[in-house]
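What follows is a short report on a single structure.
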Amino acid sequence: MFRRRPPLPPFPPGAALVGGAVRDWLRGVRSADYDWAHPDPAAGARALAALVGGAAFPLDEERGYWRVTAGEVQHDFVPLPPNLEDDLRRRDFTVNAIALREGRRLVDPLGGQQDLKRRVLRMVSEDNLRADPLRAWRAARFVTTLSFTLEPQTEQAVRQVAADLKAGRLPFPAWERVRDELHALLRSPDAARGILTLEALGLLDLTLPELREGQGLTQGGFHHLDVFEHGVEALHQLLTRRPDADLLLRWATLLHDVGKPRTFARDPDTGRRSFHGHDRVGAELTTQILTRLKLPGADVKRAAALVKAHMVQLPADDAQARRFVHRRRELLPDLLSLMLADREAARGPSSSELGRFAYMLAMERVLAALEEQPAAPPPLLSGKEVMALLGLTPGPRVGEVLRALAEARALGEVGTPQEARAFVQRWAEETPGS
């Protein structure tokens with residue numbers, strides 16, 4: 001069922017390999033993170049570092065936590081518990097409650113190997129699940145990333161954890177921890193299925209309630225799905241075409257229409273639905289969501305910018321394509337990937353093969369313009385030169401002139417300092433200052 005088992009790192013004497021690395025090894029997957037339990041973590045870490053040519057250093061000397069780094073591989077050491085089997089019984093799921101001793105001797109008190117073979121995710125106990133409610137999100141993540149089935153009693157227990165979290169009967173995990181589980185899920189090729197799993201388990205309402213607002217909100221026209229389903233399908237379409245898409249693009253694609261429920265209106269005469277300004281409101285909501293999840297400010301800003309720009313009109317000719325690239329260069333090519341995923345996730349009555357073909361042609365114009373000029377050309381005139389030429393003092397007008405000149409250069413309308421000076425003088429005459 002699984003691939004051939006990869007080679008293991010050398011075992012420091014007395015160590016036990018525990019956790020996900022054992023699970024992955026049994027599945028035939030090479031791990032980049034190894035968790036070790038050792039009677040003397042410092043000695044074990046130093047011994048392994050010498051064997052693999054890595055560096056050993058303490059993470060928390062008082063508690064006996066050590067780490068070894070060797071290239072892209074990381075090894076963490078903790079003290080070996082007095083009773084290894086008892087320690088395994090305190091873990092989250094049976095497939096993670098397996099240890100490996102020297103000589104490839106497995107310690108599996110809960111039948112984790114059998115669950116691995118059956119591709120079933122089973123909790124060790126409901127008490128363990130409730131002891132750390134984050135394990136509910138871990139269940140959704142493992143079901144998604146391992147393509148496992150959630151055992152029925154475990155599914156029921158996860159649903160109960162979600163209900164108790166919502167009712168305040170259990171403490172909510174730190175948002176940073178929730179974010180890390182979401183990111184592990186979103187990195188999966190099956191991320192769209194993972195979002196649906198979160199919804200089925202009652203966890204999406206706790207995590208992304210704004211996204212759920214689109215459930216049942218039909219759109220008509222180009223769309224065959226409701227707003228929520230369309231966002232999930234757009235994520236699926238993105239990963240079909242760009243399996244290497246980074247997390248920010250995945251977030252932006254999932255959330256690109258999150259503003260629609262709050263901008264929904266219906267014409268009383270025609271019954272036609274509209275969502276005017278949903279791109280702007282969606283960008284604001286994206287900022288709120290990703291800030292809540294503690295993403296870095298620069299990442300939040302970029303994801304929100306992608307959401308805000310996803311409705312921009314594609315160019316009708318080559319000149320417009322060059323202008324498109326100049327004005328949105330920092331978002332490319334990700335913006336095009338988002339827009340294409342959006343279009344491919346819409347197969348309503350107004351959608352047609354001819355329309356999709358025309359859309360692709362417009363995208364190809366933009367890609368050609370981006371390939372022709374992958375980076376913005378250096379400025380032909382400085383701000384000081386513009387001020388001297390037009391008799392200006394420092395202020396917004398100088399920025400307006402420089403932006404107009406930069407666009408003219410990107411469009412190929414000017415190419416030399418002499419042409420730039422003539423353009424600036426002409427532009428200033430034709431464009432009165434505010």
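In case you wondered, yes, glycine gets a Cβ from its N, Cα and C as well.
What Swiss-Prot annotates here:
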- 20-23, 91-92, N96, 132-141, R177: ATP binding site (BINDING)
- D33, D35: Mg(2+) binding site (BINDING)
- 227-339: domain 'HD' (DOMAIN)
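Fewest other C-beta atoms within 10 angstroms, among the binding-site residues L134, A140, are seen around L134. The most densely surrounded of the binding-site residues D33, D35, judged by C-beta neighbours within 10 angstroms, is D35. Across the residues of the domain 'HD' (227-339), the predicted structure has a mean pLDDT of 96.
Around G20 (ATP binding site), the C-beta neighbours below 8 angstroms that are at least 6 residues distant in the chain are S31, D33, D35, N96. The binding-site residues considered are R23, N96, W137; of these, N96 has the fewest other C-beta atoms within 10 angstroms of its C-beta. According to DSSP, D33 (Mg(2+) binding site) sits within a strand segment. Secondary structure at G20 (ATP binding site), taken from DSSP and collapsed to helix, strand or coil, is helix.
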